[in-house]
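**Q** According to Swiss-Prot, the protein has these features:
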DNA_BIND  164-183  DNA-binding region
ACT_SITE  Ser12  active site, O-(5'-phospho-DNA)-serine intermediate
DOMAIN    4-137  domain 'Resolvase/invertase-type recombinase catalytic'
Amino acid sequence: MQGHRIGYVRVSSFDQNPERQLEQTQVSKVFTDKASGKDTQRPQLEALLSFVREGDTVVVHSMDRLARNLDDLRRLVQKLTQRGVRIEFLKEGLVFTGEDSPMANLMLSVMGAFAEFERALIRERQREGIALAKQRGAYRGRKKALSDEQAATLRQRATAGEPKAQLAREFNISRETLYQYLRTDD
């Protein structure tokens, strides 16, 4: 049964170009998530999983665009292929159908493990770079949401009993950020 070719694209940040991932690839519909790969709650991935039917092919630029770790990758590939949906990874040149040979399953495991390893190396280099920048005094981290004066006012008003949700809205911060300010004294 010949179905539709459906694309899945994931970009980690809003400045990445999602079109680049499936350029020159014919697909009838594309689902695009702007979220981290480690976040398994991706609305467009969930929509794709609900949308695809037996005979369809899901086209993904590379394995690391679908999942950041081997367990999630295997689970998603198995979930799709058990429903009669093919999955095609362009960068790796691999297609999975559910009737895969032991060699294809080995390739899925090896390539998925390499993607996971590569991500771990990137995170390690990022941490090392931040540590070096901190030593040189060049890294200051994220800009604070509130000035010291605003933070002091926030603490006073929260201590006085004003509703925290109202304060968060007024200061234009999330409630989690509000609670972080209330936990710290700086």
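All positions are counted from 1 along the displayed chain.
Heads up, the Cβ atoms here are built off N, Cα and C, so glycines get one too.
Map the listed features onto the structure and describe their local environment.
**A** If you look at the DNA-binding region (164-183), the same-chain residues 6 or more away from its ends with a CB under 8 A from one of its CBs are 145-146, 150-151, 154-155, 157-158.
Within 10 Å of the C-beta atom of Ser12 (active site, O-(5'-phospho-DNA)-serine intermediate) sit 15 other C-beta atoms, taking all shown protein chains into account.
Mean per-residue pLDDT, taken over the domain 'Resolvase/invertase-type recombinase catalytic' (4-137), amounts to 84.
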